Amino acid sequence: MANILKKLYNADKRELKRFEKIADQVESYADQMAALSDEELQAKTPEFRSRIEKGESLDDLLPEAFAVSREASKRVLGLYPFRVQILGGIALHRGNIAEMMTGEGKTLTATMPVYLNALSGKGVHVVTVNEYLASRDETEMGQLYRWLGLTVGLNVSTMSPEEKRKAYACDVTYSTNSELGFDYLRDNMVVYKEQMVQRPLNYAIIDEVDSILIDEARTPLIISGEAEQANADYVRADRFVKKLVEDKSDNDADDDEDHGDYKIDWPTKTISLTRTGIQKACDHFGLKNLYDVENQKLVHHIDQALRANYIMLKDIDYVVQDGEVLIVDSFTGRVMEGRRFSDGLHQAIEAKEGVKIQEESQTQATITYQNYFRMYQKLSGMTGTAKTEEEEFREIYNMEVITIPTNRPVIRQDMPDLLYPTLDSKFKAVVDEIKERHAKGQPILVGTVSIESSERLSHMLDKEHIPHAVLNAKNHAKEAAIIMNAGQRGAVTIATNMAGRGTDIKLGPGVKELGGLAVIGTERHESRRIDNQLRGRSGRQGDPGYTRFYLSLEDDLMKRFGGDRVKDFLDRLSDNDDDKVIESRLITRQVESAQKRVEGNNYDTRKQTLQYDDVMRIQREIIYKERMQVIDEQQSLKSVLMPMIHRTIDHQVDMFTQGDRSTWRLDSLRDFIVSSLASEEYVDSEIDFKTFTPDALKQQLYQLVEDNYQEKEAALADPEQMLEFEKVVILRVVDEHWTNHIDAMDQLRQSIGLRGYGQLNPLVEYQDSGYNMFEEMISDIEFDVTRLFMKAQIRNNLSR
């Protein structure tokens, strides 16, 4: 282990040495840039752009571009980046993480790589954790980029698509991580290309990168809508299908008569309306053509009502308990609590059984931050604390963590932890130290891990008449103002972990002489990184400072991992005195080893999440790419549509003509052709079910499709309208099936753990089942596109 750490440390040093040489080059241009007039310095931007067009790379331009950005910062912002900030900027440009201590000027560091990468014209996204920081940085740093001739945009959730499109078209765009992810998902739900807002994802610099890529990595971004089903539609469809009669006649295509309204094919558990059933549906719902594009949702409700009433069996497939429909596991016979059939089938069964139909919001699109940010051409980030998660950044995001040296030596005092037997004795000691330091005017920042702890401490300070501010990470703008004053003489501030992050605490007059900012931690967090963030609030830019953590045996982390060893150790030293305190490096080491265990567990969980998510990621990319192809098409989608219809014909004909001719399911084949491809008249006059061969029938049906396509082209007359019709058909079907598939995959994932009991690897099972479900969905999409396209009657009022 020591060898590995040594290697990593040396790799860090080697990388920094390389950066030092580049920083020398940047600094060598300083005098030259300082000698230029404002106009000459501003003229560098178009000069760099034309050099890029002629083939120079961004790496070639780096020393000069960084020097230009640096000189412009001095003139516009009154700030001149230090050498260590140049090193940080190089790390960011290289697609790595620059670990820079609090107060070392991360925002200014980012200006150099942002300027350099924006010259390419492909867009740079500067990502922050909340909209207050995004808008603050866009206002402050935007002046610099605009002065240099770049365009700057701010992307926030309240904007219209038009405003967002403008923001994304800028050279530099400030945004939050969540808004970027949601915009990506929304872009892949549009029906016209002009509705999209994002450009291809080029380069992102993430501020507080550990918070976004580690702490929130597993948070899925979800866009959901009211599941399209109106409950009344399920009831209407249910009432209709309950009146229908099954056609139980044998598979004999010679008999043209329907003997019922629907037919069940038990080997495949499929059910479909016969011609009589289709006519009854048209009469019942007052329609001319059931399979018209406009009636797609109704057809879906009827299909599910048929399955619910005639294929799903009560007490075998499901049970009704306390007015609820519960699924029965077909393998174990057990009731599966909390699970629901997908694709509206559950609601259809609820309608069948007359119980309350549960509203469901349906996930229309979803992605995790891990998968969203991995799509950028180049990704980089800044934070004060990333080294502890170095392995995760390297393995998952292919980013190295480069620790950037501080501009001035750190002289802060980090004291050993103090351990108390109980929470009460610990908080009493915290208040005593606050009183003592407050009395001499030293500013104090107290970190807590929960709102409950903050309120407890606040109450105790009120009793002691010590004025203080409490931050709970709710109001970002107000909290930034409070945090900015937390370094003033006499200030006492209580903050939960994330509150006020991103805002520096600057020391007020006379505070250095009092020992700088005192930071008191009231509990160790399960992640060392969060503790380090709290410590890093003090001692910025070489200022004096003091930090100390107070622990008790009743703290969550100590209860989970400190165990009996620490308790025995404490008992031996404290003689059962509740107020007895132990100050020991051994305790600190014990706590840190507990934290390492938790971090390891959390990393394994995130890694596993990613492995599961990768299954969905691959499927999402396929669907979004196909969707984009449809949206992008300017001429005709015949080349997309025809193969889909041909594959459907092949699949259906093969399915119904397996084995010996005597076992062919001719009735089912005939029903498919009538309900999805042709009129009854055509089937009766043109297809001879006694003598046909499967291959000859396929060719005949291909020709039928070609003729139908040409008829529609002629009816629409305008190629643009034909293209619009094709897009309507494909996008409607794809979107509906994809939404249902997301739901089904989610249900699969929730149930897959149970398969682990059968000595099966749950991940492999999920991959296999997920792949099969995806293939099935593609087949269903092609089937529905076939039926919708072939059966649609052309009218000129298409709406997507």
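Even glycines carry a Cβ here, placed using N, Cα and C.
Here's what Swiss-Prot has on this protein:
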{"type": "BINDING", "residues": "Gln85, Gly103, Glu104, Gly105, Lys106, Thr107, Asp504", "note": "ATP binding site"}
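Recorded features from Swiss-Prot, shown on the structure.
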residue	record	DSSP class
Gln85	ATP binding site	helix
Gly103	ATP binding site	coil
Asp504	ATP binding site	coil
(request) Based on Cβ atoms within 10 Å, give me the single least packed residue among the binding-site residues Glu104, Asp504. (result) Asp504
(request) Taking the Cβ of Gln85 (ATP binding site) as the reference point, list residues of the same chain whose Cβ is under 8 angstroms away and which are at least six residues distant in sequence. (result) Glu104, Gly105, Leu108, Thr109, Met112, Asn407
(request) Identify all same-chain residues not among Gln85, Gly103, Glu104, Gly105, Lys106, Thr107, Asp504 whose C-beta atom falls within 8 angstroms of the centroid of the ATP site's C-beta atoms; report them in sequence order. (result) Met100, Thr102, Leu108, Thr109
(message) Let me spell it out: for each of the binding-site residues (Gly103, Gly105, Lys106), count the other Cβ atoms within 10 Å of that residue's Cβ, using every protein chain shown. Which one has the most?
(response) Lys106
(request) Please state how far apart, in Å and to a whole number, the two most distant Cα atoms are among Gln85, Gly103, Glu104, Gly105, Lys106, Thr107, Asp504, the recorded ATP-binding residues. (result) 16
(request) Tally every other Cβ atom lying within 10 Å of the Cβ atom of Thr107 (ATP binding site). (result) 18
